[in-house]
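Going by Swiss-Prot, these are the annotated features:
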type	residues	note
BINDING	H62, H64, H145, D216	Zn(2+) 1 binding site
BINDING	D66, H67, D216, H274	Zn(2+) 2 binding site
ACT_SITE	D66	active site, proton acceptor
Amino acid sequence: MQVTFLGTSSGVPTRARNVSAVALRLPQRSEMWLFDCGEGTQHQFLRSDLRLSQLRRVFVTHMHGDHVFGLPGLLASLGLSGSCQDGVDLYGPDPLESFLKGALNTSSTRIGYPLQVHRSRPAAEQGTLLFEDDELTVRCTPLTHRVPAYAYRVDQKPLAGRFDIDKARSLGIPPGPVYAQLKRGESVTLEDGRVIDGTTLCGPERPGVSVMICTDTVFCDAAVELARGVDLLIHESTFAHAEAEMAFQKQHSTSTMAAQTAAEAGVGQLAITHLSPRYVPGNPVSPDDLLKEAQAIFPNTVLAKDFLSLDVKPCCNSS
């Protein structure tokens, strides 16, 4: 997995930061998922090396404009490109479907590919999986914000152990399609009648990696619980610690709240994003100051910037 930040500002864009959007690359399946889609996100795609044609799923955290105003245009452009035959699944708060229908219908926009909207609320309230396939699961939880908001956690299922090709050769197993079967742990009958158990040629299972997107919210226990042991936590950090009172009023997080969540949850790495546009160069407090505040509590913290890409790596706490 690899994440690419397409927008890291809160509320409004700045010259250096667009509003919220995070792309999750899944190279093993030539697929990409998007978390939030603020205004201008499709322009950010054009400035990156991401391929919009690989977009398969979109997860919306909440319905504030800086997280959704780019979605109708992006979906329309995807339709015009004719490169989305498999369709797109969207997940988000209850009003997401009516928002999209209103924008697309009133603009006479035709989406020429399958588009399905799923509500996140039932899975968040019941603690069930929002999505699952052979390789990945997605869970979500309600956050504490002025409107219904959800954090999303993506977990990769355990990976098969590494295939011992030298051992296979020593047993006289000829290379070819049979190797793929053995790598999957299947039993294979060779031409000479021998039956080879693939599990004897594979090492132990390897843990998959995990990433969680947590925005918008003030510090809350639900976020800590969902984040436990996650490899990469992407957490909003709208305000500096000195403005904690404002953060509580607006139900946003400070840099120290994000770090506290990471520390209590035992995550591998923290990336802070969704910074207030007030923290621009020349102001008394800069984004680097927010980074230092977070690192004082959780040292393995990075400051997200537009077009920053991070490989999701397993941490020792990964569950």
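In case you wondered, yes, glycine gets a Cβ from its N, Cα and C as well.
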Count of other CB atoms lying within 10 Å of the CB belonging to D66 (Zn(2+) 2 binding site): 22
Winner by Cβ contact number (other Cβ atoms within 10 Å) across the binding-site residues H64, H67, H145: H67
Zn(2+) 1 site shell beyond H62, H64, H145, D216, criterion: Cβ within 8 Å of Cβ centroid: T61, M63, H67, L143, R146, V147, A149, T215, T217, Q251
H64 (Zn(2+) 1 binding site) to H274 (Zn(2+) 2 binding site) - Cα separation in whole Å: 13
H274 (Zn(2+) 2 binding site) to H145 (Zn(2+) 1 binding site) - Cα separation in whole Å: 14
Secondary structure of H274 (Zn(2+) 2 binding site) (DSSP, helix/strand/coil): coil
Sorted by sequence, non-D66, H67, D216, H274 residues with Cβ within 8 Å of centre, Zn(2+) 2: S10, G11, V19, S20, D36, G38, T61, H62, H64, T215, E236
Cβ atoms near H62 (Zn(2+) 1 binding site) (within 10 Å, other residues, all chains): 24
Alpha-carbon distance [D216 (Zn(2+) 1 binding site); H67 (Zn(2+) 2 binding site)] in Å: 10
